[in-house]
Amino acid sequence: MGSLGVPAHLLSSSLAPSLRTRRNSSTRTTPAPSLSLSPAVITCRICPLNTQGLQCVQSKSNPKPSSVFIPFPKILGVYFAPALVFLVSGGVGCWINGGDVGGGHGGGGGGGGGDGGSWSRFFGFWSRFVCPMAIAKEEESQSQEWDSHGLPANIVVQLSKLSGFKKYKISEILFFDQRRRTTVGTEDSFFEMVSLRAGGIYTKTQLQKELETLATCGMFEKVDLEGKTNADGTIGITISFTESTWQSADRFRCINVGLMQQSNPIEMDPDMTDRERLELYRSQEKDYRRRMERARPCLLPMPVHLEVIKMLRDQGKVSARLLQKIRERVQKWYHDEGYACAQVVNFGNLNTKEVVCEVVEGDITQLSIQFQDKLGNVVEGNTQLPVVGRELPKQLRAGNIFNIEAGKQALRNINSLGLFSNIEVNPQPDEKNEGGIIVEIKLKELDQKSAEVSTEWSIVPGRQGRPTLASIQPGGTVSFEHRNLKGLNRSILGSVTTSNFFNPQDDLSFKFEYVHPYLDGVYDPRNRTFRASCFNSRKLSPVFTGGPGVDEVPPIWVDRSGIKANITENFTRQSKFTYGLVMEEITTRDESSHISAQGQRVLPSGGISADGPPTTLSGTGVDRMVFAQANITRDNTKFVNGAIVGERNVFQLDQGLGIGSNFPFFNRHQLTLTKFIQLNQVEEGAGKSPPPVLVIHGHYGGCVGDLPSYDAFTLGGPYSVRGYNMGELGAARNILEVAAELRIPVRNTHVYAFVEHGNDLGSSKDVKGNPTEVYRRVGHGSSYGVGIKLGLVRAEYAVDNNSGTGTVFFRFGERF
Amino acid sequence: MASSIDDQDDIEASLANNLVPVGPLSIIDIRSKSLEVKMAAQLIREWTGIQQFPAATQDKLLELLGKLKQENVGTLTILIMGKGGVGKSSTVNSLIGERVVAVSTFQSEGPRPVMVSRSRAGFTLNIIDTPGLIEGGYVNDQALEIIKRFLLNKTIDVLLYVDRLDAYRVDNLDRQVIKAITDSFGKGIWRRAAVILTHAQLSPPDALSYEEFFTKRTEALLKVVRLGARIKKHDSLGSSIPVVLVENSGRCNKNESDEKVLPNGIPWIPNLVKTIIDIVSNGSKAIFIDKKLIEGSNPNDRGKMWIPLIFAFQYFFVVKRIQRAIKEDIANENKPIWDR
């Protein structure tokens, strides 16, 4: 338990899709600071202390792994350099086939002559691999001096006329659309394609490379780059281009070409006769048709299809810009849905009525789980693989499309096992299957055994209220844990706490527990856990509490110690069914720790008599009993922008078996119904405000048969009827509590108003000795009030209707 | 333990006086048991006080007692209850004809019930005087508790609920006292009850005749009794509770045969005894105070036999239902698109 709080336990995972072309990346040394899709590392920091933290604690700057736009190469270059190196060496990332077309596809781009021309070159650009070294280099070059162009100002210079030895500083970059005869703005999608940036310093070679890239990407029929000298020695660059266009289309089709051999374009021999050329086209067309037939259908839903078709129809001619828009739309859908490895790799069938969009969706070909030691070496783990395997969503298994949400889910599920100090879920490109993804799960195991001692000194006021040497008490907790026995997540844990090690018999509290999950076998989907524990506890009985205006009632402590064995079946993360046996000894003690069989009462004369209500069933102050206990919880609550919405029903039953002192036979039951009603629909998303919520709560508790006072239901208190003290309203055999609370969001917290009522249903007299009446309690009461949530603390003002007075309370945690 | 010895002596002393006090609460259980033993062995004094009465009263009493004897009633136990300071103890003294109970005129008495037993010609009369039930504006639960414990294993033939005639008003307190008595001994005790109004010799307020005043006061009080005892309006029980006037004062008017008489000329002692005897022979049952009556039926035993049935109900209609709801939840779960 204790070690959970150690910060070293923070988990990080790398889910890092990156793009890579099969082209030789060494030719692309140009730094590419404006990647619309770039290698990004998300680090899911998961704080194990807070289960809800799983969803919320995540690096804010990278909310979506694949849509990270890196506008500041400088900062990110530095910051991410190690991560990128890691990516390179670890090969983390999905790679995308940018097309094998070596640059000979000018035919396709060159005027759209080739019918059915494929357009794959295009993507080489986006999928350009970023070399971290290049970024580093750029850092250097930027810091260096640049050279003046040494030419008169305001003259236009062709790229070829620039000096190969100079480093030019670019003052501005303009795009000139030759077809439209206009300059396009920076918002144009073309602009993103150019890696040059105003203010950057480039050599002629770099500029030539850039031009080459643009020319070969398939988007332009013609592209040119020219410089214009400025007076201050810098040059402005104008990129003039003619966009590629194809004939108009009105159908759209999306196919998954993952795991398929990429089509190899055939070099066209310029010496071919027309007939040969025609034949080649035909065979290409045939091949392509076969390819389309073989391809699997896409996940892309109909609405997006229709959207794209509309785009096609509106546009008329299919242009490079349009294809880019389509590509963006399609990829956006994929990435929004978490298919981080999905990429549009090609548009085929151009110059026909139907545009075919080829997508590599990211098919998982393999799932591998490996264990690492502290140094990151692959080791044989202690944990049995099925233990991890059963936590993985089936979407991560081979044959599915990789989805980052499934990855996160796996991360959360594995983390909830509490066995690992570090968990990584990485999608890796499958070297043997093009477009395939290997999901690699890397786990670092926690130590199996851990022990912890925490100590504290408490200074107890001695005589005359002054602390003395003898009144300093050493206290603390000793706990140990042996987890993951046999690699099946079985564990033994124990803890002993005392506030005074010299006299531990005073308040020694202990707990030992054995947990045995996968009771039905680790392969059985049924999730039942067996627990056996040995415990003790000491609590102040709220039954022996005075009503309003009653002087201090001498308190009764209820000590319980015993053993418990139960089986918990988890249906969902929150809904579960627990049943088992409890064997316990209950001892009731007075203030001075003497066993007391009856509560005390204060006489009107001021004296104290010991003939109050009996504290135990046996009448001796010590009860022993065995009973069955069951609890079923149905909880379908979820968070809507941080507000809890849904329904929670709990039924708890203690069934006496007639075993124990005075043969206790009873049926003690409680039903709690809580409903969190969302009052209006809100848009979900981070930073959006939560909806107002109405909470309706009802709690019925009842007991038939033997009811010792320590098991009586008490009314009043922060979890019963607010505004009253614990047990201030009474202790009864049957109770009913109803409450309503209205929560209104205000800024990033909420205020609430509540009304509550608790009633003993006239059953106080059915508790032996009628403690409600003896301590002058009313047996029922209502309250209302308002409050505000401040972090974990609730500050509330509650008015109790019995006395009509209001009080301000500060409470931790939630009422419901 | 010193105090307990003192108490013991105290008891011895009071036993000699035929007074039966009750020890402090903490030792009440043991003490009351030992008292039972002593009571059995104790000598019941001869009713000498009867000789104090005027001859006419004596004759009437003996005649009435003789009537009882004919019905084979050898013992009569009368329980006297009421608020404090209404004249309970004085009534006891008047009935017995001796000063057997200390009347504390100006202060509230100690919370101890006292039983006075007298026998005459094989007939035993037990009168149990109790402390006032009101303390500080509330029903004194503790006093009531003590009374109940004192009465354990005794049979109450007649309850005399005492109040004053010259109290003009009835209030919530009266109702609470009645309620406390009813809760303790059951509704049935009112079939065995008479309402005694002391201080009968009063001059009613202006514009009211004595009779009128008496009727009004009686009506008001009986109404409270009916309310407190939760007797329904049309229940014959409500109207059948007799009301008897009493005047304990030594300045009570007397008739020619020296009997104490009420303003309406009726000698009240024989009248009271007659009423008591009427109640005894009205066919209703005497109230036997057993443990069950004092503590109520043990709520722990109630419904125990139904537990298996309740358990089955809970399993089939609560647990199963929730399980079904969970299954529905799982089916209806709003899964993200990738998880379908």
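Keep in mind that glycine also has a Cβ here, set from the backbone N, Cα and C atoms.
Some features that TrEMBL has for this protein:
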type: BINDING; residues: B:85-90, B:104-109, B:His199, B:247-248; note: GTP binding site
type: BINDING; residues: B:Ser89, B:Gln107; note: Mg(2+) binding site
type: DOMAIN; residues: B:73-297; note: domain 'AIG1-type G'
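In the structure as shown, the Cβ atom of B:Gly87 (GTP binding site) sits within 10 Å of 24 other Cβ atoms.
Long-range neighbours of B:His199 (GTP binding site) (same chain, six or more residues apart, CB within less than 8 Å of its CB): B:Gly87, B:Arg164, B:Leu165, B:Asp166, B:Glu247, B:Asn248, B:Ser249. Here the binding-site residues are B:Ser89, B:Asn248; the one with the fewest Cβ atoms within 10 Å of its Cβ is B:Asn248.
Summarising model confidence by region, the domain 'AIG1-type G' (B:73-297) averages a pLDDT of 82. In the structure as shown, the Cβ atom of B:Gly85 (GTP binding site) sits within 10 Å of 16 other Cβ atoms. In the three-state DSSP scheme, B:Ser89 (GTP binding site) is classed as helix.
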